[in-house]
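Enquirer: I grabbed these lines from TrEMBL:
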type: DOMAIN; residues: A:9-123; note: domain 'Thiamine pyrophosphate enzyme N-terminal TPP-binding'
type: DOMAIN; residues: A:199-331; note: domain 'Thiamine pyrophosphate enzyme central'
type: DOMAIN; residues: A:388-536; note: domain 'Thiamine pyrophosphate enzyme TPP-binding'
Amino acid sequence: MSSTTEAITGGRLMVELLEEAGVEIVFGYPGGAILPFYDELYHSKKIKHILVRHEQGAIHMAEGYARSTGKLGVCIATSGPGATNLITGLTDAKLDSIPILAITGQVSTDAIGTDAFQEADIFGITIPITKYNALIKKADDLSRHFEEAIKIAMGGRPGPVLLDFPKDVQLEKTTVRKASSLKIAPHHYERPKVKGDPQEFAEALNQAKRPLLYVGGGAINSFASAEIKALAEKANAPVTTTLMGLGAFPGTHPLSVGMLGMHGTAYANKAVLECDYILNLGARFDDRVAKYQDFAPNAVRAHVDIDAAEFNKRINVDHILHGDLKDAIREILPFVKGGDRTSWIENIQNLKKNHPLDFDNSGDSIKPQDFLQRVYAKTKGEAIVSTDVGQHQMWAAQYYLFDKPNTWLTSGGLGTMGYGLPAAIGAKFGNPDKTVICVTGDGSIQMCIQELATIAQSQLGVKILLFNNNFLGMVRQWQELFYEERFSESQWTYNPNFVKLADAYGIPAMRIEHKSEIEKGVEFFLKDNGSALIEVMIPAEEKVFPMIPAGKSQQDLIEFKDLGKLKK
Amino acid sequence: MKHTLSILVNNHPGVMSHVSGLFTRRGYNIDSIAVGVTDNADVSSMTIVLNGDDFIVGQVKNQLLKLPDVLRVQDMAYASSVQRELVLISFSITEVNRSEALTICNGFDVKILEMTEDSLLIEFSGNSRQVSNIISVLKPFGIREISRTGQIAIAYRNQNAV
């Protein structure tokens, strides 16, 4: 501990610590118990504060900012209801390993535990959904907790941390401050040494005839894209990614087989069945990907992860490397040999040819897949895309090919409807020069629709692509296929006029309903750097294919062409 | 299968919630949990007994080690550690069976803390099996109240000396 000569308040110290760590932007909402901090923030010239309309918006913005920049996302809320409104976002960030610092106001220390006005035990509530949390009881402790929190949020497998900050502690004076070396810059933190034998690890890959790389969100967190590409090319191994891993390996690369899992491509899922070696790079054998122990039944399984608790958690593996993915791949690369994998690559090409992503585009209605392909073409794949959760999310994952990391923002683990719009806002603040598109649905957008005001207030150029089928599309799809078309509470019998709604917020908007309007629609949507909302009316019966029915495994994959069989 | 985990943690408020919450959240049942500060006031020792196969216990260990406040997790093999539990038992006696009760107490190396006309309050420590054993032996007398500490454990220094 070092001391400054001048005593400052806890609130002031928090602002200074944030500034020193390099935080440039915070997303938040003031309230009584956080006012002393906000009063200090008022004087900060380095930190920009974005006033949101709901704290859930604040934390998803911080997530979108973090995911698209690789930096720490910071959000602020007051005590009680302000703090509890962060719960969904904290859980989301925990499941997707997003580095978030949440600062919450708390009632004064002498009132804690008395059921005071706007009091909630946010420390206790968030224990299972944060990587670290602390109640700051004295201003003297703030610096220590702050350092701990940032290191834990950014280091190792990233995740959300929460500092609960009582009002009197914000006002209390302190001279205690650690000499700060904290930075929120990507990959600033020391990585643990890679444990395991890289040579032996590489040998198994060398011996494989039909290797497959299976890349997860850890590849994005570790900034390991270049290494993965080098590994795939050197080993001549096809690459599939999880939903969270999209962009970690170029979707347009000849070795890419796209996404695997429940709504992954047929060729990726078939490649999993046929491969004789599967190398998991920073994924976690999630149950939407690897349903059963017989995942990749013919394969030797290898796993690289920074979190030792992921090894053999759901699926047993044969080879393990524990450590940061980027470092681990660098260590195995020298031992990797090329090998002749011509017949395997040919096999993959055939799978791609015989089992393509497919949909019926023959009628007059607009197909979301078609629209997304056109948006992809028009943006040359350069946009940052966020999504909400549902059919539109899977179509976006399938039909917008991601070539670069940190350009795909989606709620993978928790499946949070309401994530997309605020995540896009956060991403745009972090990447003002890039096109940022939120792909959403009529159900999802209504969960955080109030953040349209945040777009309007900041004159932010966020593009909103709203697929409207007047249904909870994914729920409807399941009800149609597995519940004998009993559409229990999945139809919106009332939806607002989204175009007028956007208009009310000063956001240019347009609705299209027929195929003939597509070009006009794409043009309108992407014409300049300003914000825009396009509402694309799509058929309610349009489904996401391929799909692996819940509880089934890769063998049970249903493709678009199987739909007829399914209906019988 | 029963496992005894000896866990060293930072002696902070909330650490107990973090640890026990981890068990709850993952559906692992804790048989007993005993906590006390060590010779270092900043460090507490927790002994947790749980039922589970090696896979579950391995998972628990890995997840525990992810908590920033957890310093060490040791799976205590029964053969290489000493495991103890303390129990306080108050039970009924009558004029007729008083001497029988006292004989049992002597035989079990029990400490008598209070004796009244119609009751005995005793203290006993031993491994969990012995504790359960004395409870069942005293049961016929009529047990009034029981308080068990839960198991604590420590590894032998010399692992060959068992």
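Glycine is treated like the rest: Cβ placed from N, Cα and C.
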Enquirer: Just to be sure I understand, if DSSP states are collapsed into helix, strand and coil, how many residues of the domain 'Thiamine pyrophosphate enzyme TPP-binding' (A:388-536) fall in each?
Expert: 63 helix, 27 strand, 59 coil
Enquirer: Give the residue counts of the domain 'Thiamine pyrophosphate enzyme central' (A:199-331) per reduced DSSP state, in the order helix, strand, coil.
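Expert: Breakdown, helix to coil: 43 helix, 27 strand, 63 coil.
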Enquirer: For the domain 'Thiamine pyrophosphate enzyme N-terminal TPP-binding' (A:9-123), jot down how many residues DSSP puts in helix, in strand and in coil.
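Expert: Once the DSSP states are binned, the domain 'Thiamine pyrophosphate enzyme N-terminal TPP-binding' (A:9-123) shows 56 helix, 21 strand, 38 coil.
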Enquirer: Limited to the domain 'Thiamine pyrophosphate enzyme TPP-binding' (A:388-536), I'd like the whole-number average of pLDDT.
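Expert: Reported value for the domain 'Thiamine pyrophosphate enzyme TPP-binding' (A:388-536) is a mean pLDDT of 97.
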